[in-house]
Amino acid sequence: MEGEAVEAIVEESETFIKGKERKTYQRRREGGQEDEACHIAPNQADGGEVVQDVNSGVQMVMMEHLDPTLLQMKTEVMEGAVPQETEATVDDTQIITLQVVNMEEQPINLGELQLVQVPVPVTVPVATTSVEELQGAYENEVSKGGLQEGEPMICHTLPLPEGFQVVKVGANGEVETLEQGELQPQEDPNWQKDPDYQPPAKKTKKNKKSKLRYTEEGKDVDVSVYDFEEEQQEGLLSEVNAEKVVGNMKPPKPTKIKKKGVKKTFQCELCSYTCPRRSNLDRHMKSHTDERPHKCHLCGRAFRTVTLLRNHLNTHTGTRPHKCPDCDMAFVTSGELVRHRRYKHTHEKPFKCSMCDYASVEVSKLKRHIRSHTGERPFQCSLCSYASRDTYKLKRHMRTHSGEKPYECYICHARFTQSGTMKMHILQKHTENVAKFHCPHCDTVIARKSDLGVHLRKQHSYIEQGKKCRYCDAVFHERYALIQHQKSHKNEKRFKCDQCDYACRQERHMVMHKRTHTGEKPYACSHCDKTFRQKQLLDMHFKRYHDPNFVPAAFVCSKCGKTFTRRNTMARHADNCSGLDGGEGENGGETKKGKRGRKRKMRSKKEDSSDSEENAEPDLDDNEDEEETAVEIEAEPEVSAEAPAPPPSKKRRGRPPGKAATQTKQSQPAAIIQVEDQNTGEIENIIVEVKKEPDAETVEEEEEAQPAVVEAPNGDLTPEMILSMMDR
């Protein structure tokens with residue numbers, strides 16, 4: 001009974017297919033074309049016949065010696081089983097999954113073979129059958145002797161629309177694109193004799209591809225992606241929803257479609273940070289806030305991420321999970337390990353400057369180096385005009401304001417603001433307690449062995465691309481030799497001014513000197529309108545006039561206690577100071593002449609003149625005090641004497657004092673008055689300076705400053721006047 005039912009079904013299907021063939025030939029004569037991307041013809045030796053259904057969109061192979069049950073999966077057409085039609089646009093992505101069926105093995109989980117949204121003009125019903133029945137029919141055919149084991153029976157050919165791509169996905173996820181030529185068989189000249197044979201039409205692809213990743217355990221799955229981009233022709237295109245071919249199997253897992261294109265990046269709205277993942281952006285945004293939700297239960301310190309907290313906990317426990325493969329060292333974080341290997345083992349410098357030959361291990365150092373080209377100093381001191389290229393130097397500078405000295409000598413407990421200063425102190429003051437490592441190539445003595453390795457690598461390693469001397473054309477392949485050669489140019493005044501006779505050793509000094517000719521003052525004060533030629537002058541101006549916390553430095557002479565605002569001025573004073581109030585020199589008031597004094601005098605005449613003018617001002621004040629304390633008296637005619645010679649005045653270096661002070665001292669007349677003591681009868685000589693007639697304003701000021709002196713009627717001195725003079 002089953003055989004008769006199968007034969008009836010086959011006859012009906014053959015009748016249906018022949019009717020479709022006639023319609024196909026008629027449409028071909030009218031000049032119509034089919035949309036066909038792949039056509040695989042069977043082998044003529046198998047006695048197969050090509051049967052094609054254009055309206056249904058299904059093309060298959062009929063074989064004379066094939067069991068009818070095997071053909072039921074593709075040929076049986078049930079009337080009345082037409083699925084619902086839905087309109088589909090040509091932009092929808094169509095997917096067909098192809099799997100290899102091996103009839104010799106046991107039943108396996110093949111999933112299902114499903115045709116999805118194949119656009120054709122007419123809807124065609126498709127019946128379903130199980131793969132187990134297909135396998136059973138194949139075994140029966142083999143047992144009857146009709147087929148040999150391993151002989152192929154079925155050849156499926158499906159019409160694929162224009163604009164598709166066939167992709168083969170392996171078991172490990174690798175993707176292989178199959179070209180159109182690989183899908184088509186080699187042409188057989190015998191096929192041209194077949195009246196039903198029609199060569200496939202060549203279509204151009206539009207190069208719009210989509211990848212499908214779909215794998216099963218231990219199997220290779222071929223995935224075809226349909227991407228329709230055909231232009232709409234006249235008329236409406238309907239959609240065929242194909243029924244399930246294998247209904248008893250579970251559907252495969254959904255396939256992820258990953259399209260080609262530019263990778264999406266996420267940008268921070270507060271800075272220039274970009275990243276490929278949203279999670280990285282969310283983690284970065286926490287750096288702009290004070291939120292630190294992850295707290296250490298041992299010390300209470302909080303962190304933004306769990307990773308930072310985990311690394312911090314490793315510092316408490318002493319865990320170092322990241323071990324160096326080249327040595328015995330281990331580190332808390334992977335970044336520390338990478339930095340260690342680059343510094344100690346690989347010597348790799350991946351971050352290179354595009355403007356010069358500089359290369360660095362860390363990206364932060366490269367950014368700092370690039371600022372040396374651009375001149376950018378983004379880190380500004382809030383207390384003065386200092387600006388730095390990196391935060392490290394700014395922190396070091398801030399210690400000059402706060403007075404912090406974090407580095408302590410472990411021998412004498414002296415404290416320093418910089419680690420380099422502390423190391424130099426240890427080498428100079430405590431060399432007996434420090435291990436010394438001598439460089440085998442030069443006279444350098446280094447305290448630590450690791451520093452010796454750095455010295456050998458940087459100073460004495462061979463450089464393939466030689467470095468040129470910046471003063472001449474000499475080229476050296478060793479950094480130490482280059483430095484020693486450049487020292488030979490140290491005392492050469494190679495830079496000469498083209499407008500005067502000035503010459504200097506460094507180029508920056510020549511740049512500053514030329515500003516004296518051009519009048520350029522590039523350094524402007526941010527708080528006032530003053531401009532300066534040098535940065536040091538701007539800093540001095542800012543501290544003196546705009547810094548409320550600035551306290552001028554006082555340089556005190558250790559001999560007489562006099563203070564100066566400049567160190568060099570105090571040094572010149574100390575050379576001639578004898579420790580007395582008068583400030584006379586050690587050689588009886590004579591200035592100390594020497595090489596040091598002559599050099600300083602020739603070096604800065606302007607400073608000497610300004611200092612002499614400042615030093616002359618106290619002399620003027622002293623003279624004014626003497627004038628105020630002088631008493632107006634008339635010399636007695638009976639007793640007269642010549643005024644004694646004035647004491648030797650202090651000789652000052654530099655220009656002579658002002659003319660006003662000299663004239664004041666020389667124009668002061670003096671007189672000697674002999675006074676007899678009433679009790680003892682002794683006569684004392686009193687030297688009195690006679691003051692000239694002052695102006696009216698001066699007289700008023702003196703009258704306000706001191707009480708009026710009462711004179712005797714005859715002009716003689718009263719006892720009160722004499723006592724007041726003796727007291728003074």
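Just so it is clear, glycine is given a Cβ too, placed from its N, Cα and C backbone atoms.
On a predicted model such as this, the values are computed, not experimentally measured, just so you know.
Checking Swiss-Prot for zinc finger across the ranges 43-66, 523-546, 667-690 points to 523-546. Looking at 121-143, 351-373, the range annotated in Swiss-Prot as zinc finger turns out to be 351-373.
Per Swiss-Prot, the stretch carrying the note zinc finger among 3-25, 555-577 is 555-577. Range with Swiss-Prot annotation zinc finger, chosen from 82-105, 226-249, 322-345, is 322-345. When each of 266-288, 322-345, 407-430, 495-517, 555-577 is scored by its Cβ pairs under 8 Å to the zinc finger (523-546), the top-ranked stretch turns out to be 495-517. Packing against the zinc finger (266-288) from elsewhere in the chain are residues 304-305: each is 6 or more residues past its ends and has a CB under 8 Å from a CB in it. In the zinc finger (294-316), the DSSP tally of helix, strand and coil residues is 11 helix, 4 strand, 8 coil. Residues 283, 286-287, 332-333 of the same chain sit 6 or more residues outside the zinc finger (294-316) yet have a Cβ under 8 Å from a Cβ within it.
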